[in-house]
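Have a look at this one.
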Amino acid sequence: MSRLRTKPIRSRLANPVQIQPSLTPVAPQRKPFFLGWTVLFIAALGMFASAPGQSFSVATFKEPMEASLKVTDTAFSAAYLVATLVSGACLPFVGRLTDRYGARLLLPIIALALGGACLWMSSVESFMGLFIGFCLIRPLGQGSLTLVSSWLVGHWFEKRRGMAMGLLGLGGTLSVMCIPQINQYVTTEFGWRSGWVCLAVIVWAILILPAIVFVRNRPEDVGLLPDGQLTKEEKTAHPQQDLEEAATAEMAGVESAVGHDQTVEEAWKHLTFWKLLMPLCTGALVGTGLVFHQVSIFAEAGLSVTTAVTTLSIQAAAASLGALLFGYLSDRFPERKLMAMSMVCLATAQLLLTSLNHVGLAAIYGMLLGTHGAILRTAGSAVWVNQYGRLHQGAIRGIVLTFQIVASALGPLPFALAKDYWGGYSMANWMMLVLPIGSAIAVWTAYPPKRVLSAIQPPVSTDA
């Protein structure tokens, strides 16, 4: 019998390495780029492309269109007001459509329709044509594009939702900075009709194709989770990393509705819904009134038109910087507290207005209003999906935006009445000061119902 060979076989490797089994789970390799950032960029393009239906864009066409169509200022403003109310009335319907069909379908359709509405505006010849055009651009631009864009961000981000909303708002801020300048140049050089054609081309060029190619309604549709979090299978395979993410979320202290989706009917049965709505409506009512009459209010205080316009620029700059700051903070603190802070900023600005007699005070006034707006555009947007979940956020946001739009449409009226009856704006300012104070108290106490955290069940995909 031959002797068994006991000499170990040498490895063919020059330097053999003895591999020991590891007892530590290896963290999964995350994808190098989260698709949500691309979706966020396109949503910001949607905010930018909403300009044709926004007041800052329409204002640049006001005088040349009135002169060309022989329409009075009162008739122009009345048509615009009614169209704004029509926009608000349409949003609950648009919100439910978005929840059902998703932004991947609706975003290019709305962009196509908004461009068509701009072409209609370029060809109007009468007051009735103007009114129909307003009733098209306001619901499509101011209402639908804004709603669908924020809907997308609400689905793709959760822990970073506040920051994402802040970045989304930069699309609107950039639109405020660029579109009026473009409108003014094209109108001066080629006429107001060419200006509307230019807007149609911009909307179609920047939004339709990117929306079709890159937008997905929800991260679950492509096997992802919001923020690029671990999937269920990854959590099972790597429990330690799952616990670390859960601890991070708990340390953030954000009041949310993870795993608890509510319908509109369920949401508005509770006082919390109305408390959260109060600062948004107050900001729309008082803030719009102040901005609408800003030149006249500053003139009454002895300040020049240049100062009033410069203050608007300061306000826009503060809003841009504040969007990033308060977007970051809203991921770490309860939105209700930040929204209460926005009301404090608004009330302080109104108090400054009572003794506004210096350029320095005007600058502070602009910064306060800009900060107030930045908070509402970040925390005030994220709070609804955090409180009531992702499944019905379109319908809920549609109701919220309806109230905001109606409030903004009515905002200039109290100041105008005060000017007509008391000869100045101070009485309206004092009377409306109670609104931000009351709203701050109300929203501070808008505690979310106690909920049991559970795993998010992915919605049914609507993508082919």
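Any Cβ shown, glycine's included, is placed from N, Cα and C.
No curator has checked TrEMBL annotations; they are predicted automatically.
Below are the features listed in TrEMBL for this protein:
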- 39-451: domain 'Major facilitator superfamily (MFS) profile' (DOMAIN)
- 33-54: transmembrane segment (TRANSMEM)
- 74-94: transmembrane segment (TRANSMEM)
- 101-122: transmembrane segment (TRANSMEM)
- 128-152: transmembrane segment (TRANSMEM)
- 164-182: transmembrane segment (TRANSMEM)
- 194-215: transmembrane segment (TRANSMEM)
- 276-299: transmembrane segment (TRANSMEM)
- 305-326: transmembrane segment (TRANSMEM)
- 362-386: transmembrane segment (TRANSMEM)
- 398-418: transmembrane segment (TRANSMEM)
- 430-447: transmembrane segment (TRANSMEM)
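Quick one: how deep are these features, and who are their neighbours?
For the transmembrane segment (33-54), same-chain residues at least 6 beyond its ends with a Cβ under 8 Å from one of its own Cβ atoms are 87, 103, 107, 111, 114, 117-118, 121, 137-143, 145-146, 148-150, 152-153, 156-157, 164, 167-172, 174-175, 179, 196, 199-200, 202-203, 206-207, 210-211, 214-216, 219, 222, 224, 226-228.
Proximity of distant same-chain residues to the transmembrane segment (101-122), defined by a Cβ-Cβ separation under 8 Å and at least 6 residues beyond the stretch ends, is recorded for 42-43, 46, 49-50, 52-53, 61, 94, 129-130, 132-133, 136-137, 140-141, 144-145, 148-149, 151-152, 193-197, 199-201, 203-204, 207-208, 211-212, 215-218, 462-463.
Same-chain residues lying 6 or more positions outside the transmembrane segment (128-152) and placing a CB less than 8 Å from one of its CB atoms are 39-40, 42-44, 46-47, 49-54, 58, 65, 69, 71, 76, 79-80, 82-84, 86-88, 90-91, 94-95, 98-99, 103, 106-107, 110-111, 113-114, 117-118, 120-121, 165, 168, 171-172, 215, 217, 381, 393-394, 397-398, 401, 405.
Residues 36, 40, 43-51, 54, 56-57, 59-60, 146, 149-150, 153, 156-157, 198-199, 202, 316, 319-320, 323-328, 330, 374, 377-378, 381-382 of the same chain lie 6 or more positions beyond the ends of the transmembrane segment (164-182) yet place their CB under 8 Å from a CB of it.
If one looks beyond the transmembrane segment (194-215) by at least 6 residues along the same chain, the residues whose Cβ comes under 8 Å of a Cβ in the stretch are 38-39, 42, 45-46, 48-49, 51-52, 57, 60-61, 103-104, 107-108, 111-112, 114-116, 118-119, 121-122, 152, 179, 182-183, 186-187.
Under 8 Å from some Cβ of the transmembrane segment (276-299) lie the Cβ atoms of residues 305, 307-309, 311-312, 315, 336, 339-340, 342-343, 346, 349-350, 353, 356, 362, 369, 372-373, 376, 380, 383-384, 387, 400, 403-405, 407-408, 410-416, 419, 425, 428, 432, 435-436, 438-440, 442-443, 446, all in the same chain and six or more residues away from its ends.
Through the fold, the transmembrane segment (362-386) approaches residues 150, 154, 161-162, 165-166, 168-169, 172, 254-257, 276, 279-280, 283, 287, 290-291, 298, 303, 307-308, 310-323, 325-327, 329-330, 335-336, 338-339, 341-343, 345-346, 348-349, 352-353, 356, 393, 396-397, 400 of its own chain, all at least 6 residues removed from its boundaries and within a Cβ separation under 8 Å.
Listed as Cβ neighbours of the transmembrane segment (430-447) (distance under 8 Å, sequence separation of 6 or more from its ends, same chain) are residues 255, 271-272, 275-276, 278-279, 282, 285-286, 289, 336-337, 339-340, 343-344, 346-347, 350-351, 354, 414, 418.
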Hey, which bits of the same chain come close to the transmembrane segment (305-326), Cβ under 8 Å, at least six residues off its ends?
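For the transmembrane segment (305-326), the far contacts come to 162-163, 166-167, 169-170, 173, 176-177, 291, 294-295, 297-299, 338, 359, 362-363, 365-367, 369-371, 373-375, 377-379.
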State the mean pLDDT for the domain 'Major facilitator superfamily (MFS) profile' (39-451).
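Average per-residue pLDDT within the domain 'Major facilitator superfamily (MFS) profile' (39-451): 89.
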